[in-house]
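Listed in TrEMBL:
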BINDING   Gly83, Gly84, Asn85, Pro86, Arg105  substrate binding site
BINDING   Asp106  Mg(2+) binding site
Amino acid sequence: MAALPLATAEACDANPHLILTGEVRALQPIFQIYGRRQVFAGPIVTLKVFEDNVLIREFLEEKGHGRVLVVDGGGSMRCAILGGNPVQQAQNNGWAGIVVNGCIRDVDEINGCDIGVRALGSHPMKANKKGIGEKHVPVSIAGTRICDGEWLYADTDGILISRTELTI
């Protein structure tokens, strides 16, 4: 169910009515680009955690089926909630990408993976492992509310969220 690559700028130009109605929203440009796949898209799975990565690992152990995991890590810059091993597992399990409102680590390892990753930055300290968080809940990241089942489109111009799959 992986989406075909779609240029975000082209999608905005072709769908002004969807932008006006709020069906298509652009995230604020706060994310760094990681991973070998700079362009990725897919249906969204949401997760809300804070300085804890147990639920992230659990999700990425599942088959991704071309989905994108969107993690609201509360914007924490105090530790990394995603590292190289789970990203490698996500690549192997067919996830299209991961967007983290927080930090990652093992950047060189992640940059070697054929998956798209966006995060606020990198941090050498690891996260807690308490398993606390919420799955499949609406999250607010980079000025935008994001719901489970919406679609994410990412490229080097930015990240779009759409209520439905986009075509041009």
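Glycine residues also receive a Cβ, built from the backbone N, Cα and C atoms like all the rest.
Caution: TrEMBL annotation is automatic and unverified by curators.
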By Cα-Cα distance, the member of binding-site residues Gly84, Asn85, Pro86 nearest the residue listed as 'Mg(2+) binding site': Gly84
Residues near Arg105 (substrate binding site) in space but at least six apart in sequence (CB under 8 A): Ala80, Leu82, Gly83, Gly84, Ser122, His123, Pro124, Met125, Lys126
Taking residues Gly83, Gly84, Asn85, Pro86, Arg105, which bind substrate in the record, the widest Cα spacing (Å, whole number): 11
Gly83, Gly84, Pro86 as binding-site residues, winner by CB count within 10 A: Pro86
Spatial neighbours, same chain, of Asn85 (substrate binding site) - Cβ under 8 Å, 6+ residues apart: Asp106
Neighbour tally for the residue listed as 'Mg(2+) binding site', based on other Cβ positions within 10 Å of its Cβ: 21
